[in-house]
Structure formats: C-alpha cells, structure tokens
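*Asks:* Just lifted these from Swiss-Prot, have a look:
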- ASP489, ASP495: Mg(2+) binding site (BINDING)
- 556-615: domain 'KH' (DOMAIN)
- 625-693: domain 'S1 motif' (DOMAIN)
- 696-741: region 'Disordered' (REGION)
- 698-713: compositional bias 'Basic and acidic residues' (COMPBIAS)
- 723-741: compositional bias 'Basic and acidic residues' (COMPBIAS)
Amino acid sequence: MAKQTFEMTFEGRPLVVEVGQVAKQANGAVVVRYGDTTVLSVAVMSKKMATADFFPLQVNYEEKMYAAGKFPGGFSKREGRPSTDATLTARLIDRPIRPMFAEGFRNEVQVINTVLSYDENASAPMAAMFGSSLALSISDIPFNGPIAGVQVAYAAEDFIINPSASDKEVSHLDLIVAGTKEAINMVEAGAQELSEDIMLQALLKGHEAIQELVDFQNYIVAAVGKEKAEVELFQVNADLKAEIEAVYYDQLAKAVQVEEKLAREAATKAVKEEVLASYQERFAEDEDKETILRDVVEILEQMEHAEVRRLITEDKVRPDGRRVDEIRPLDAEIDFLPKVHGSGLFTRGQTQALSVLTLAPMSDTQLVDGLDPEYKKRFLHHYNFPQYSVGKTGRYGAPGRREIGHGVLGERALAQVLPSVEEFPYAIRLVAEVLESNGSSSQASICAGTLALMAGGVPIKAPVAGIAMGLISDGTNYTVLTDIQGLEDHFGDMDFKVAGTRLGITALQMDIKISGITPAILEEALAQAKVARFEILDVIESAIAEPRSELAPTAPKIDSIQIPVDKIKVVIGKGGETIDKIIAETGVTIDIDEEGLVQIFSSDQDAIDRAKTIISDLVREAKVGEVYTVPVVRIEKFGAFVHLFNKTDALVHISELAWKHTEHVEDVVKVGDMVTVKIIKIDEKGRVDASIKTLLPKPEKNEDGENGEEHRHCCCSHHKPDHHSESMEAPKKSDESETKE
C-alpha cells in the first residue's frame with residue numbers, strides 16, 4: 001500500500017493520519033500527528049488461538065525521551081521500564097478497547113504505541129488511544145470498533161476538550177472519557193469537589209467530541225481498511241452444556257446464594273469439583289479428553305455467571321442477600337498502629353484496608369522526569385494487594401499495573417482535599433495495605449486514607465469516601481448495584497468507582513465489559529453513589545470528626561526562618577560543608593529554597609531550636625545601637641577586639657574604652673574579660689566599631705573643660721582580626737577601623 005494521508009482539524013489543532021509508509025509487516029499501523037505530537041500505533045495478532053482461558057490482549061505505551069528532546073537519566077542512558085504515567089496510559093487505552101472484541105476471541109493481540117515527538121499542548125495519550133483504535137480498525141484483526149477518547153477540563157464554568165498545558169493549570173477537572181459513537185465505555189477523572197450534574201455534563205460533552213473522532217476513523221477505514229480475518233472463537237459443546245445444566249444447574253444455583261464469601265466459594269467449588277470428577281472418569285480414555293474437560297470448566301463458569309445475573313435482574317436478590325442499593329456493614333478505626341505518623345483501618349463487609357501515613361520534609365518529594373518538564377511530586381499514595389487478602393498464595397513482589405492504577409486512583413481522590421504547601425509544608429505518603437478483599441478494595445483504601453490523614457493531624461479540607469457501583473444489563477433492562485462485591489464485579493457489566501466529599505466528587509473510574517452505557521445509567525449510578533458516599537462519611541466522621549490539631553509525637557516537627565538571599569551560601573557553606581555540620585550536630589533535616597526560606601525538620605523540638613540558633617547566628621549582622629555583653633578576645637595598642645557572635649568581632653578603640661584618657665588598653669581591659677559594648681559604627685566594608693564608654697556615666701567637666709585627666713589625641717589604625725579564622729561558622733570578620741585620634 002502506498003502512503004496515504006488523512007487530515008482534519010480537531011479542537012483547534014491539525015489531526016493528521018498517515019497509513020502505508022511504516023511498519024508494513026504488522027496487521028495494522030498508523031502514524032498519528034496531533035499538533036506537534038507524533039505517535040506510531042501498531043497492532044499485531046497471533047495466527048492461532050491461545051490456550052489461555054481469557055483474551056490475551058497486551059497494550060503498551062512507550063515514551064521515548066528523544067520525543068521531548070531530553071536525554072535519559074540513569075547509568076545506561078536509555079529508556080528502561082515504563083514510568084508510572086506510561087503504565088497508566090497503557091491501562092487507559094486497554095480498558096475501552098478490550099470490550100470491543102467478540103466473546104470467545106482468544107487470539108493474542110498486541111497494540112504498541114510509541115511517542116516519537118511530544119507537544120505538551122497536544123495530548124499524546126489521546127493520540128495513542130486514537131491510533132490504537134485506528135490501527136486495529138484498518139487491520140484484519142476482528143475488532144468491533146472504532147473507539148476514541150478525549151480529555152475534558154472545566155474552567156470558568158466552561159468545558160475544554162483536549163486542554164493545553166495552561167488550560168490544565170486552571171482547570172477544576174481532569175477527565176478522560178472514551179467510547180464508541182453510540183456510548184461511553186471508559187472514564188477516569190480527578191475533580192475538585194464537583195457536583196454530579198457537572199460531572200455528567202462533562203461526560204456528555206466529551207462523548208460529543210468522541211463521535212467526531214469516530215466518524216473520522218470510519219472514513220479512513222472505508223478508504224484503506226483490510227477485510228477482517230476469519231478466526232476461531234472459543235465455544236463450548238452445546239450438547240455438553242445442555243446436559244450439565246440439566247443435571248447440575250439447581251445445585252450450583254443454591255451454592256451461589258450462600259451469603260458469606262468463603263462459605264459460598266467452598267460450596268460452589270464443591271459442586272464444580274463433583275461435576276469435573278464425574279466427567280474425568282467418564283472420558284478418561286477419550287482422545288478429546290482435554291477439550292471436553294476444558295469445556296466442562298467453562299460451562300460451569302457460564303452457569304455461575306448466568307445465575308448471579310438472573311438473581312439480580314429477575315429476583316432483585318444479590319448473592320449475599322443485600323438489596324441492590326445496600327452497603328455492606330461498615331467499620332472505621334484510627335490509631336491502629338503505634339509509632340507511625342497516622343493510621344486508619346476501614347472495613348466494608350469482607351473488604352478491609354489499613355492505611356499508614358508518613359510525613360517528611362519537602363526534600364523527600366518524588367522527582368518525576370518524563371516527557372513533560374521535570375517536577376516534584378509532594379503526595380504519594382501506594383496500594384498493595386497481597387494474595388493472602390483473598391486467601392490464596394501467589395506472586396509477591398513489585399507492584400503490577402493494577403496496583404499502580406489503584407494507588408493513583410486513591411491519590412487522585414485524596415489530593416483534592418490536601419492543604420497547600422504553604423499551609424502544611426510536608427511531603428505526604430500514604431500506603432494502603434489490603435488485608436482482606438471481596439471487591440472494592442481501592443475504595444476501601446481511600447476511606448482508610450482519609451482516616452489516617454485526619455488521625456495524623458493533616459488539615460484536609462474535608463473527609464473523602466469512595467464507593468464502587470455495578471451494573472447488570474440484558475440489553476433491555478438493567479439494574480445498578482451499590483457497593484459491588486467480588487462476585488458481582490466478576491460477573492457484572494460495570495465497575496464504576498466514585499469518590500468524593502459531601503460537597504462533590506473528587507475522583508471517578510469506570511470500566512465496563514459491554515460496548516457502552518447510556519447517559520441514563522450514568523446519571524442513576526452517580527445519584528446512587530452519592531447516597532452511599534454520605535452513609536460512609538457518617539461512619540468515618542463517627543470515628544474522627546475532624547483532623548487532629550497536632551501531629552503525632554513521632555512525626556517530624558517543623559520550624560522556619562527567613563534569611564537574606566545573599567546569606568544562603570553562608571548557611572550552605574563550601575560544598576555544603578556548613579549545612580552538613582549543622583545537620584550532623586543537631587540531627588535535623590534542613591531545606592532551603594531559592595528565596596531564603598529555611599525549613600528545619602525533626603521530631604525533637606530541642607534539636608530544631610539548636611539548629612535555628614546556629615543558623616540565626618550564621619546570618620546575623622550587627623546593627624548600630626545594639627548592646628552586647630561579650631568577651632575581649634584580642635588586645636592591640638590601638639584598642640581591644642571583642643567577639644560579638646559567630647565570626648563577627650568589633651573593635652573598641654582605645655578612645656572608646658573609658659571617658660578618661662587611657663594610656664594602655666590593658667589598664668582597662670584584658671583578654672577574657674566580659675564587657676558590655678554598644679555598636680557605634682559599621683562601615684561600608686562591614687567593619688564594626690563599638691564603645692564601652694558610651695554605656696558609662698559621663699563624668700562632669702573640670703575647670704579646664706576636660707573630662708578628668710588631660711585629653712590626648714592619638715592616631716593609629718587597626719587591621720582585620722584573625723583570632724577566629726579557623727571557625728567554619730562565621731560569615732565575616734571585622735577589619736580594623738580607620739585611625740582615630
């Protein structure tokens with residue numbers, strides 16, 4: 001195929017698609033140019049059906065640092081494992097694409113998106129989602145698309161599609177919505193406590209833009225699309241299915257209705273094992289034994305799936321006996337752990353999450369370096385899902401895509417209510433440990449996170465709660481479920497997570513297994529979620545009504561001091577020598593910003609006070625008129641040097657020692673004497689002159705008009721002292737003042 005180019009203008013930017021020039025051995029490949037962003041999207045499919053009992057779809061999103069004109073970091077100086085943002089983008093693309101393949105499609109499919117050039121004002125993730133759908137659509141892969149996605153911002157009471165970087169800075173909403181021409185099938189959002197009505201409007205506004213992109217894809221497919229390949233779909237033997245259903249359906253249906261999760265799982269497992277054992281014995285010598293037994297396992301899964309859905313849609317009964325809008329029993333507890341900076345334990349039925357708060361200096365913020373300009377991330381929310389939480393053994397190690405995604409969802413929900421850095425200058429980390437799971441563990445982690453933040457004294461604007469909504473639909477009728485459990489998530493059509501405060505929504509996430517849902521379903525789910533959210537907030541607030549006024553004793557305390565910008569180098573010292581010494585001596589952590597704000601962190605207030613005193617002395621400057629009681633550190637013929645503070649000395653000229661004439665300095669003071677002096681002059685070089693006599697009573701004049709003895713004049717000069725030159729803590733030393741008579 002020769003290169004063909006298609007172009008449209010979308011939201012004020014050119015959207016150009018090139019087909020037939022690159023990656024021609026793949027099933028489908030397109031180059032998408034949106035503004036100055038360029039993404040290569042490639043789709044490939046295996047020739048045969050995979051042996052897995054699921055659809056093996058893999059979506060990758062690769063950020064090449066050269067796309068932004070940046071050099072990769074690290075020792076190897078090349079791209080390594082995907083960043084968190086890249087992982088999340090891959091999930092965003094996977095979620096709306098996956099439902100668009102036929103039931104029983106088991107061929108392995110890979111979709112690879114590579115960002116080749118990057119324009120921060122033209123969304124690379126949305127270009128990649130568009131390219132992924134189009135690469136599949138023009139290929140021979142049996143994909144029932146196309147789909148498209150857009151970003152939606154909300155500022156000045158207006159919605160902005162695919163906002164620029166500057167638009168995002170002022171937006172109250174960060175929404176990504178995807179779908180087909182007919183319906184929405186994926187949502188991901190963070191919001192600043194927006195109402196359900198505004199969120200629904202944003203979703204519908206986004207869907208209008210999606211329709212335009214889908215039309216453009218259909219136009220391209222009509223021009224260059226390949227004929228779809230004939231592939232074998234996984235199907236069970238119809239006669240075998242009818243036979244098993246006739247004998248075992250009622251038995252399995254009874255097991256499904258056992259209310260307690262572990263008991264229900266044991267009951268359904270017993271039925272399935274009985275059926276499987278029967279057919280293993282019956283077909284022990286059959287050459288198609290493996291195929292038959294595979295079909296038996298799939299048929300039993302389909303029977304359980306059908307019964308769960310029938311119970312809900314026809315009988316309006318859920319497997320655990322709840323009403324469709326009923327939440328499982330709730331419990332909230334704070335201070336579950338000693339020593340930590342804050343902790344919260346939240347339980348909803350058989351789902352339980354422990355959240356642990358850690359506060360740290362701002363120097364511990366995470367440095368994020370990707371295609372966007374480097375920035376520091378202050379708030380981290382990490383989510384861990386060990387297999388013991390569902391009573392199983394399994395892989396234990398680094399977090400997978402699901403754990404990363406759930407962690408960021410909680411981060412998005414809670415970030416909206418955190419105090420500003422000016423109000424609360426701490427880096428904040430929450431870790432959610434899922435201890436038990438029967439669905440909606442990500443939302444339990446949000447509730448537990450709220451408890452930990454409030455218990456730890458973080459002054460959040462309002463508590464946040466999360467709830468997961470479900471859907472069972474037969475194409476004509478549907479039922480929206482509140483607080484779905486694992487079985488309903490597994491066999492249902494939708495997982496719609498809604499988090500927020502009493503004022504509004506802070507996060508949304510929706511995944512579905514059908515091609516899309518209508519605005520009516522969205523509206524009902526949001527309204528039902530609001531009622532549930534308020535019920536959960538009642539329980540959270542009964543455990544702790546508002547954030548504590550003080551941090552935990554183990555949390556780092558903070559104090560600050562403002563220093564002149566030109567003194568920053570004094571506090572830091574050569575190669576960090578001075579600040580390192582302060583930290584070593586006091587055990588504190590010190591942050592200094594470019595405007596001279598010094599923040600001192602420690603769990604020991606005395607250590608903070610010591611460090612603050614040292615820093616104050618380092619940057620301290622004498623002022624004319626100040627009075628000090630200080631030691632005499634050096635004697636010269638022309639006067640005495642006294643040590644004011646740090647490395648700052650002052651000269652008390654011989655004429656300023658006493659009102660009467662002084663022949664020798666030693667007649668008045670000696671090294672080591674403590675004297676009280678007043679600063680009388682600071683010259684342009686910072687040299688300090690002080691006086692003792694100005695603080696003494698002035699004697700009355702005698703008959704000759706002199707103060708006591710004959711007043712004599714002397715001319716002498718003094719030089720910069722070196723008595724304290726070895727100290728590291730002095731910003732400056734006094735030089736000798738000019739000759740005085």
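Along the chain as shown, the residues are counted starting at 1.
Cβ atoms here come from the backbone N, Cα and C positions, even for glycine.
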*Asks:* Using a 10 Å cut-off on CB atoms, tell me which of the binding-site residues ASP489, ASP495 is the least crowded.
*Replies:* ASP489
*Asks:* Translate the DSSP assignment of ASP495 (Mg(2+) binding site) into the three-state scheme.
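*Replies:* The three-state answer is strand.
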*Asks:* Based on DSSP, tally up the residues of the domain 'S1 motif' (625-693) by helix, strand and coil.
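*Replies:* Reading the DSSP string over the domain 'S1 motif' (625-693) gives 7 helix, 36 strand, 26 coil.
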